[in-house]
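Peer 1: Sharing a structure here in structure tokens format.
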């Protein structure tokens, strides 16, 4: 029999756990994945191209191939820049047109200044040759200086409108893209998610949408302004003298060739970088979401290395991209300076030939200077546009995908009066992601209306597939599912799902209140629109029916209690009961219970099962169960084996047949020794217990002040709780978050990331300084050139000679700039990508270093931390690499330019320099505002990204509740709030940006007016004047450019502070600390001495109250009791996930809080309820149990044999090399659990901790695995937490917990004879043939 995975939909983790996923050919699938990832195909499906899909599905008949193809195929969208604006509204486009015109008009201001400059040059020559009087000269000078002031005012207004406008439109359009993307994600069929990592969705919705926003916001305005400057400058040049302008225009062709050639590589590299980061994001999401597992096994180092594999790939492509941009910028500068040389050389010839005058040449040359210089401002933005296009292609490929099974579609019929008869007719099913495995073959089954049908069978037999097909998560490849005789494919999908309520094994709650979580069950029902009062009554009634009301009322905020992300503040049993209340609140026609009580303890299960039995009366119910005691009373029990129906009938009929069902029953039977006590008495006792729990007031059940036995249950689950040794945590948290760092501290901190590159970085700084000195040198050449062209006709011979010399100097300067700019680009590419690589790697390691308390904080949800890794590290590059090089370069320009100006004309230079502090102040003030804005804005995007991540990772729950619309409304609300906040902030900061950019005109007005006066009086000659003015123009422009980087610098400062905070956080339980005694050998005595413990999230409610417990070496003890009584907390404290409030936990008489935590944990092994596997092979996952990368095969085989998984692994084509998929999605729950057990056994631990280790297994697997665990426990101290009491009968001592204390202990037989709590629990779980 082919063993296939059991549970496709039990865990809403975004990478759906496919019950079909026998890893039989996972290696082929993975090689396909790798192939396509390397090609850089679209985001989610690793095999979305038609060729790849056809190859994978080639072995299937054509009609089956088509059905699977529809569920997997993703269109390959060829995005262009225009595609990014596809969601712009008419108003957006009108606004865009206005702000574009403003940007273009702002760009024309500088070329207009060249006209004034040329005119003044002619005037200066006239006064020098005494052609005009001093008064006439003064009048012309004053008038032209005022024109400069008017130009400055116009520039200020236009730049302000442009900057605010583009940021607003960019944010508005990106907001729509974010919403459309999430909307598209929520419409996809589940097969799409089987190929998608949850981390990828987070990366797309945060990092990639941010890239789009960056590419369509203020950078568009800056680019349009630069291009406008370029073109208007050349137009002015052509108008003044077309021949010279035409010759200078030849450089445009050279620039286009350089930009065009290099940008192809830039786009490709950008795309490949994003692909690698997406894959890394998936790994990070896997690890962070299962942090307790990683902590218990000490696998942080191995998992960090796995993450780094993807980071290295991203670094490689990122370096290529940055290097190409550096070379492109160097080439542009070389072309620009060569153009000056060409212009002077040809201009001198035309002047000597009498074809033009000095005024026109100066005008044209200056226009070419400014026009060519402005094109340099376009180059840095090309990366942002290229990244935006790459990100857009990925996002739009998902948005454009037409889902094969679309819950958002209005197509399909509805049935007026649903009766609830379900029929599976000739069903054959293959999961799209595992086309090699047939999960169901020839299934014919009728589920009569109003009756309860139970599905049982071994793990992976196809039971949960029935739920998947009825909910239409998948389409079968042949056959049909009928509801009241209608094929469900013809029915409207949303309507269909609204007729069905699903409770799955691992329920998903949403990060809102208990009341709102239950209310979600009313979506689409007639009761949805009732009054608030009626809805409240329904919700309370449903909670009572699900045995949840009492524990809810015991919580401080009752129904208004926030359950935390995915319900993490509640225990498994509590979450399950809320999920049941949610399912029954709408009084559905069809109820699907996919192991609905498996997470409950026996006490809760008895009552909830009674509630479910009552709830299922009169409605069609399909129950999937491993625990057979829950389905004895079903109208029909269907036994499914290997994807086919083996037998069906009632409990009694099947027991009489003595077939597969009886084997399952025998495997689960508890051998009670009850003497002569009759069965009737036993049943009577059970009924009494149930009625007692339902009717006795909550306080008396709990003997005193703590209402309901589950008051602390919300605090009792190891995999969900906040932790730290005392309530001081809340104060410590506020201190952490309030820590402020100075700019110097942050710069030193970021520089630390580039320590290994410090030598080549110094070279980079050297080249940046040389590049920066280029412009002041060019100012000297320019002033010399103009002076040369001012010579009278009598000296035209000298004029030609000097012009040739200075033209050659320009050519030399161009070559030097080519070398220095390119070298700087290459060096900073290496440095900045290394910085991003180390920042991601170290911050991931810093996260993994943290104790469990850190991950329990609401702001540290999986989505938020994954988003932090993808977004914030990118922002750090705002003070590294290319940006830092450019800042150093333009700072050098400013300093050298002003120094040269002072050296040649100190009076004029001092007047001009007096304006520079104002320029700097404008820029730095804007930088400060943006840093503040960034801190606020980031929080909002983090919460919306975290929300989107939560919704997509719970996609099956969202789909079955038809909650898509509600998710979208909340998400859009969060985006709208963010947009309003950011607009106010941008409106302020843009004032300063516009001021800093337009202030140069006021400087020029002052410089011309004052310098002209000096020249008119004969104090300065033309060379001094032109040199000072030229230096000031470029100097002040450089200052403006520094501050155009301040958005990046603002983001970087905010990001650096977050990183510093993370790195500075030293956890109380620190895995990196060498402190504490190291244990060489362990005997295995565990003691709890008067342990008190409570979680800081609910500091007012104790979890453990004076726990005293001793486990002797080699002893097997079991902890049982109601949900939330502190059993799993005990395991958590043994693992030292948390420290106790008072009292202590001791091993061999030593307080574990004084031991070295790594050394101590190396002697423990944990097998928890939800097994966690990571991407990689089966062998990799088993080896995570030890800290070595390689072990002899014999040891690996022995561990797997002991866990009863060896034979299954060897039956796979690739054996131990089989890839398990994201979160082990290629395997069934049972298979994953056995690999997790092998991982625990390979450690050869002295202490074995089993937290409901067999609860995910069916009876058949459980029996064998339990035998393996029993064998493994020999010679080891073993602590087992169990709901299923059959698994712990053989324990040396069984401790019964209640309210954080031990109320009873002894062996199985002793406790049965006592007829106390344990006896009640056993009684309720006993499975006997009904008489």
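Along the chain as shown, residues are numbered 1 onward.
Yeah, the Cβs are placed from backbone N, Cα and C, and that goes for glycine too.
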Peer 1: To which of the residue ranges 295-315, 358-378, 379-399 does Swiss-Prot assign the term transmembrane segment?
Peer 2: 358-378
Peer 1: Between the candidate ranges 847-867, 910-930, 931-951, where does Swiss-Prot place the transmembrane segment annotation?
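Peer 2: Residues 910-930 are the ones Swiss-Prot records as transmembrane segment.
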Peer 1: Please tell me whether the transmembrane segment (762-782) and the transmembrane segment (884-904) touch - that is, whether there are at least 3 C-beta pairs under 8 Å between them, with each pair 6 or more apart in sequence.
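Peer 2: Yes, these stretches are in contact.
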Peer 1: What's the CA to CA span in angstrom from residue 860 (N-linked glycosylation site) over to residue 1125 (ATP binding site)?
Peer 2: 26
Peer 1: Among the glycosylation sites 293, 529, 1108, report those whose Cα falls within 10 Å of that of residue 1121 (ATP binding site); none is a fine answer.
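Peer 2: The glycosylation sites passing the 10 Å Cα test: none.
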Peer 1: Let me make sure I understand the structure: which of the recorded positions listed (293, 461, 1108) has the fewest other Cβ atoms within 10 A of its Cβ?
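Peer 2: It is 1108 that, of the recorded positions 293, 461, 1108, has the fewest other Cβ atoms within 10 Å.
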Peer 1: Roughly how many Å separate the Cα of residue 529 (N-linked glycosylation site) from that of residue 1123 (ATP binding site), to the nearest whole number?
Peer 2: 35
Peer 1: Cβ pairs under 8 Å with the transmembrane segment (358-378): which stretch of 219-239, 242-262, 884-904 has the most?
Peer 2: 219-239
Peer 1: For the C-alpha pair, I'd like the distance in angstrom between residue 457 (ATP binding site) and residue 293 (N-linked glycosylation site), rounded off.
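Peer 2: Each residue's Cα considered, residue 457 (ATP binding site) and residue 293 (N-linked glycosylation site) end up 29 Å apart.
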Peer 1: Count the other Cβ atoms sitting within 10 Å of the Cβ of residue 1127 (ATP binding site), across every protein chain shown.
Peer 2: 30
Peer 1: What does the structure give for the C-alpha distance between residue 463 (ATP binding site) and residue 293 (N-linked glycosylation site)? Integer Å is fine.
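Peer 2: With the alpha carbons as reference points, the distance is 28 Å.
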Peer 1: In Å, rounded, how far does the Cα of residue 1125 (ATP binding site) sit from the Cα of residue 1108 (N-linked glycosylation site)?
Peer 2: 15
